[in-house]
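Visitor: For reference, the structure I am asking about is given below.
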Protein chains: 2
Amino acid sequence: MAEGERAEELLDLIDSNDLTGIRLWLAEHRPYEIADELSRMDEGHAIIPFRLLDKDRELEVFEELDPSQQQGILLGLRDHAFHDILEQMDPDDRARLIGEAPAKIATRALAGLSPSERRMTAALLGYPENSVGRYMTPETVILHRDLTVGRALEVVRARGADAENIYTLPVVSDGRRMVGTVALGDLVISDDNRLLKDVVDVFAPRVRASEDVESAARLMQEANLVALSVVDSEERFVGMLTFDDALEVIEAADSEDMARQSGASPVGDHYVSVGVFRLVGARAVWLVVLLVAATLTVNVMQAYEATLEEVTALALFVPMLIGTGGNVGAQSATAIVRALAVGEVRVRDLPQVLWKECRVGFMLGLTLAALALGIGSLLVGTLIALVVACTVIAICTWAAIIGSAMPLLANKVGVDPAVVSSPMVATLVDATGLIIYFSIARMILGI
Amino acid sequence: MAEGERAEELLDLIDSNDLTGIRLWLAEHRPYEIADELSRMDEGHAIIPFRLLDKDRELEVFEELDPSQQQGILLGLRDHAFHDILEQMDPDDRARLIGEAPAKIATRALAGLSPSERRMTAALLGYPENSVGRYMTPETVILHRDLTVGRALEVVRARGADAENIYTLPVVSDGRRMVGTVALGDLVISDDNRLLKDVVDVFAPRVRASEDVESAARLMQEANLVALSVVDSEERFVGMLTFDDALEVIEAADSEDMARQSGASPVGDHYVSVGVFRLVGARAVWLVVLLVAATLTVNVMQAYEATLEEVTALALFVPMLIGTGGNVGAQSATAIVRALAVGEVRVRDLPQVLWKECRVGFMLGLTLAALALGIGSLLVGTLIALVVACTVIAICTWAAIIGSAMPLLANKVGVDPAVVSSPMVATLVDATGLIIYFSIARMILGI
């Protein structure tokens with residue numbers, strides 16, 4: 001099954017309106033593979049194979065799609081199929097879909113739900129976006145601490161079929177107050193007569209529904225949890241955050257950080273299905289800001305225009321010098337942004353981080369300066385090469401300091417450190433680096 | 001429990017040699033929290049609280065540390081404790097630790113293992129680095145397809161306590177040949193008299209032990225799997241890849257991609273515990289390559305020195321123009337590298353991607369050119385501003401093409417696309433961008 005052939009095949013089948021062929025193709029692929037193919041098409045194409053799926057796979061495929069693709073599919077469905085899918089979705093996935101949908105779809109969706117599902121969805125929608133509450137599942141089997149293991153297993157047998165996740169089960173006392181969790185595996189291997197309160201892990205971490213979902217997901221990863229209990233402000237159990245949602249949250253957060261680091265707004269959706277105008281929109285804002293900021297470099301160059309006219313050779317090294325400064329700054333910024341994201345560095349580490357990056361930048365500067373001295377001597381003579389080499393040392397040290405300080409300061413004032421993008425650091429280093437360059441030139445050349 | 005206070009406290013306790021205080025601190029924290037603190041210290045400090053941990057928590061904390069930290073801790077332990085820990089570790093974690101350790105530690109470690117554990121470790125070490133085989137756990141409960149559900153549960157009860165993961169259980173036919181998997185939850189809620197072969201999910205994905213572990217981890221994420229079956233070349237079951245290892249692999253892969261995107265080699269360990277020299281080493285190589293490549297810009301500037309001497313004002317816009325080109329290129333490169341990593345774009349999408357990025361680059365160029373025309377007219381007059389504006393359009397389009405084509409081409413020839421870092425794209429765009437700039441200048445200014 002060569003990857004390359006798969007997609008063309010399905011698209012070809014759709015374009016030639018070969019319904020039998022599409023049905024065969026669908027039967028041969030797994031739900032996540034089908035979803036992956038549909039993600040690459042526009043909605044007009046995707047709806048055709050989707051309509052041909054049998055009922056139980058329809059839901060599985062649907063749940064694997066991004067919210068914006070789900071909206072597109074929903075709009076192509078008849079009322080009956082539309083409501084069927086929404087009614088059967090996992091409550092957390094449904095809440096996120098409705099939360100992101102335009103009002104027209106959201107209203108139609110909520111109106112068609114059964115009262116109990118509507119209540120559950122409304123409760124989840126009550127939590128802020130990007131909070132744990134939006135991602136948790138309220139559908140699980142809750143066990144009371146006074147049960148025996150044998151009785152608890154009976155409860156799981158009776159109610160487990162409707163639950164989204166029964167790997168880790170919440171154990172509560174009266175009034176749903178959280179006691180801890182027990183792994184289904186531990187229930188199965190424990191003696192039936194033991195009491196749940198002797199088996200429960202009371203140290204299992206828990207989070208509030210209002211907390212940020214990314215930190216909760218990273219906690220799950222650190223603590224190797226397949227599910228994390230979620231409580232309200234009074235320590236009452238309200239739901240479980242499961243590993244599949246945690247994985248999705250971490251992937252999305254990493255994608256966002258990467259986009260931000262390159263000076264673009266995160267797009268969120270599948271690259272292939274995003275239109276040109278949305279891509280332009282996501283990238284233009286920062287480019288405009290950076291271009292305006294780069295006007296500073298024009299001003300600096302103007303300020304030293306006399307120097308430039310006297311020694312035109314100085315202009316030759318401008319691209320190389322500011323490029324190097326930008327590169328060193330980008331390395332430092334990226335390292336610190338990532339260390340902050342995964343929790344390796346905290347804001348209070350600022351002094352140590354600055355001192356470390358300052359030494360790293362200086363040593364990188366020394367290495368590059370030796371090289372620049374060689375290149376410069378060959379191309380334009382020793383004196384200007386000396387200016388270039390000294391500038392490299394100063395710019396590298398300076399860039400490493402700026403690159404590491406800015407994300408930490410952003411974090412301190414409550415801004416996502418990833419918005420301190422590499423281009424932003426580079427632009428800042430450009431303007432200041434030019435001042436350093438011309439100052440050193442004037443000193444050494446005596447002009 | 002303010003995060004900030006925690007670490008200072010433990011470090012203070014260690015520095016003041018307050019053993020009772022350390023014991024108290026340890027009792028109040030969870031294993032992953034303890035591991036997190038130890039990661040921030042050098043080995044001389046970390047070994048002190050580690051020695052004070054009680055036996056069962058010792059192992060839990062140890063397994064949460066990075067391999068290089070584990071080595072440091074091991075070297076500080078007496079023979080008895082050293083072998084105790086290794087004997088009890090999960091086989092996959094142990095294999096990775098031994099695989100990365102210097103020969104001295106590795107030999108000592110293998111020599112002390114019991115025959116059965118040694119055999120298991122040797123088998124895992126037989127798989128290539130970064131393959132699924134190194135990350136899978138062979139310790140699981142294997143079920144034969146002819147069992148009833150009730151009998152299968154008895155097997156789980158009898159043997160489940162030793163297994164690392166029993167959420168998803170492999171079902172095999174004679175000769176360990178893989179049939180499919182069954183979730184423990186489904187076993188629990190199914191009728192005891194049903195046959196396993198009627199409950200097993202035969203469509204559950206499986207991977208070869210020799211395959212790349214990152215793709216396997218991303219497959220688990222796409223298909224929402226808590227564990228993935230691993231088979232050998234003859235479809236015999238050999239182990240399970242579990243979600244916690246998958247999460248770790250994805251996080252590490254994302255960290256590596258981010259480092260590479262900024263033109264640095266990935267360091268792997270905790271930022272705080274990595275020394276200055278290792279950071280310099282990880283960053284210097286690409287900086288040197290880029291500096292040498294940037295010599296091209298010096299050559300280009302030299303080639304147009306006469307033009308520069310005639311119209312010095314042209315030099316003023318050099319930093320701004322090459323900065324803008326680098327920014328656009330970095331955005332495209334980052335978007336494509338990420339889309340490739342998560343599987344949204346494949347190599348055969350090259351023509352569509354290029355066409356899309358080309359349009360995006362052109363539109364971004366139009367937007368920025370309007371701005372540049374305004375800024376340029378204010379600062380130096382309309383004619384040069386016109387040169388700058390035309391250059392912005394050309395450079396943006398060109399940068400978007402280069403930035404998107406390079407990662408795809410790298411992937412095509414089997415190189416990690418993340419190596420096509422933003423600085424690399426920027427450096428390439430710098431040199432070519434200058435040629436575009438001066439050509440347009442000569443044309444419009446008639447020199």
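The backbone N, Cα and C atoms fix where each Cβ goes, glycine too.
Below are the features listed in TrEMBL for this protein:
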- B:136-199: domain 'CBS' (DOMAIN)
- B:200-258: domain 'CBS' (DOMAIN)
- B:284-304: transmembrane segment (TRANSMEM)
- B:316-340: transmembrane segment (TRANSMEM)
- B:360-380: transmembrane segment (TRANSMEM)
- B:386-410: transmembrane segment (TRANSMEM)
- B:422-445: transmembrane segment (TRANSMEM)
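Mind running through what each feature is packed against?
Guide: The average pLDDT the prediction assigns to the domain 'CBS' (B:136-199) is 91.
Helix, strand and coil content of the domain 'CBS' (B:200-258), in residues and according to DSSP, is 26 helix, 17 strand, 16 coil.
Using a Cβ-Cβ cut-off under 8 Å and counting only residues 6 or more beyond its ends in the same chain, the transmembrane segment (B:284-304) has close neighbours at 263-265, 318, 322, 421, 423-424, 427-428, 430-431, 434-435, 438.
Residues 313, 316-317, 320, 324, 328, 332, 386, 388-390, 392-401 of the same chain lie 6 or more positions beyond the ends of the transmembrane segment (B:360-380) yet place their CB under 8 Å from a CB of it.
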Visitor: In terms of Cβ proximity under 8 Å, which residues at least six beyond the ends of the transmembrane segment (B:316-340) contact it?
Guide: 257, 261, 297, 301, 346, 353, 357, 360-361, 364-365, 368, 372, 376, 379-380, 384, 388, 391-392, 395-396, 398-404, 406-408, 411, 417-418, 420-422, 425-426, 428-430, 433-434, 437
Visitor: Can you name the far-off residues of the same chain, 6+ from the ends of the transmembrane segment (B:422-445), with a Cβ under 8 Å from a Cβ of it?
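Guide: Sequence-remote neighbours of the transmembrane segment (B:422-445) are 261-263, 286, 290, 293-294, 296-297, 299-301, 304, 307, 311, 314, 317-318, 321-322, 325-326, 328-330, 332-334, 383-384, 386-387, 390-391, 394-395, 398-399, 402-403, 406.
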